[in-house]
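Novice: Copied straight from TrEMBL:
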DOMAIN    12-136  domain 'EamA'
DOMAIN    148-281  domain 'EamA'
TRANSMEM  7-29  transmembrane segment
TRANSMEM  35-54  transmembrane segment
TRANSMEM  66-85  transmembrane segment
TRANSMEM  91-113  transmembrane segment
TRANSMEM  120-139  transmembrane segment
TRANSMEM  145-164  transmembrane segment
TRANSMEM  176-197  transmembrane segment
TRANSMEM  209-227  transmembrane segment
TRANSMEM  239-259  transmembrane segment
TRANSMEM  265-282  transmembrane segment
Amino acid sequence: MERQNKVALFIILTIGVISVGVSSILIRLTNAEPIVIAIYRLTLSAIMVAPLYLCYPKKISLKEALVFLPLSALLSLHFTLWIYSLKFTTVTSSTVLVTTNPIFVPVFSYLFYRRRIKKELILGIAIAITGSIFIALSSKSSGTSHMLGNILALLGAIGVSLYLTFGKEVRNKYDLIPYIFFTYSFSAIILILIGIMTRQKFFGYDTHIYLMFFLVAFIPQILGHTAYNYSLKFLDPSFIAVTILGEPVIATIGAYFILKETPSTLEIIGACLILLGIYISARVQS
């Protein structure tokens, strides 16, 4: 690969990491209920992807598209739980715990598809669990709300891990554009129905809140994940996998300067151990 192309790919990947990393900061700055933020994030993302699908030559029938429904339910669960977690715990704890999917995915792959688990992965899981204990201890000293937030973030990680585990099988059959269009669209519909049943406030927000809704959808979802998907075509998957470590680091730095949120010593120790566990797990899978 030419040097200019490598530099361009590095810039694109850097944009992706930063875009996804600021997601938690944008959510914290959005004064709305977590489920409403999730609704707008996925609805606007689906709308942004819609023109790409309309121009896509290989359309699929609505009946065939129902295969995406279970995945959409898991994606909805992931975003709802994670965004709720940011209401109770720190940005550092939430983002570190929710990015533990490189640890959960191979476990679920073994349970559901009997894919082999490498010995090195067990080491990564053990280190990450140790880190989780440190974060749990920091939550205990900070109150029950922090513990609840950490549990929600961890459940959010489990939700997205199941989404990735089952999604891999579906992704092998469908191209990226119809895949993300239908998963985003069905996820948005599911969340809207839940929002109606729980009597959430959909409209009547100030202009700057609507701007935040747009930014939450565009920056991490469209810009960030598109950069990742594009980079995967050209760069080694092991290199891409390790970039997940940058997301909680960027989120923590952003929280410190923008939200004036300083992580505790136990949180920092726990986060470093979890990130080390994620690094080992991601490298093993790649």
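FYI, residue positions are counted from 1 along the chain as it appears here.
A Cβ is built for glycine as well, from the same backbone N, Cα and C atoms used for every other residue.
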Novice: Which stretch from 7-29, 66-85, 120-139, 209-227 shares the most C-beta pairs under 8 Å with the transmembrane segment (91-113)?
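Specialist: Most Cβ pairs under 8 Å with the transmembrane segment (91-113) come from 120-139.
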Novice: For the transmembrane segment (176-197), which recorded stretch in the set 35-54, 66-85, 145-164, 209-227, 239-259 gives the largest number of Cβ pairs separated by under 8 Å?
Specialist: 35-54
Novice: Contact between the transmembrane segment (66-85) and the transmembrane segment (239-259) is defined here as three or more C-beta pairs under 8 Å separated by at least 6 residues; is that satisfied?
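Specialist: In this chain the transmembrane segment (239-259) does not contact the transmembrane segment (66-85) - fewer than 3 Cβ pairs sit under 8 Å.
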Novice: Report, as numbers and ranges, every residue of the chain located at least six residues beyond the transmembrane segment (209-227) whose Cβ falls under 8 Å of a Cβ in that stretch; write 'none' if there are none.
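Specialist: Here the qualifying positions are 12-13, 15-20, 22-23, 26-27, 29-32, 37, 40-45, 48-49.
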Novice: Under an 8 Å Cβ to Cβ limit, what residues of the same chain, 6 or more beyond the ends of the transmembrane segment (265-282), are close to it?
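Specialist: Beyond its ends, the transmembrane segment (265-282) has Cβ neighbours at 90, 92-93, 96-97, 99-100, 102-103, 106, 120-121, 123-138, 141, 238, 241-242, 244-245, 248-249, 252.
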Novice: Could you tell me the mean pLDDT the prediction assigns to the domain 'EamA' (12-136)?
Specialist: 91
Novice: Determine which residues of the chain contact the transmembrane segment (145-164) at the Cβ level, with the cut-off under 8 Å and only residues 6 or more beyond its ends counted.
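Specialist: Sequence-distant neighbours of the transmembrane segment (145-164): 71, 74-75, 77-82, 84-90, 93-95, 97-101, 104-105, 108, 132, 135-136, 138-139.
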Novice: In the domain 'EamA' (12-136), how many residues does DSSP assign to helix, to strand and to coil?
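Specialist: Its residues fall into 103 helix, 0 strand, 22 coil.
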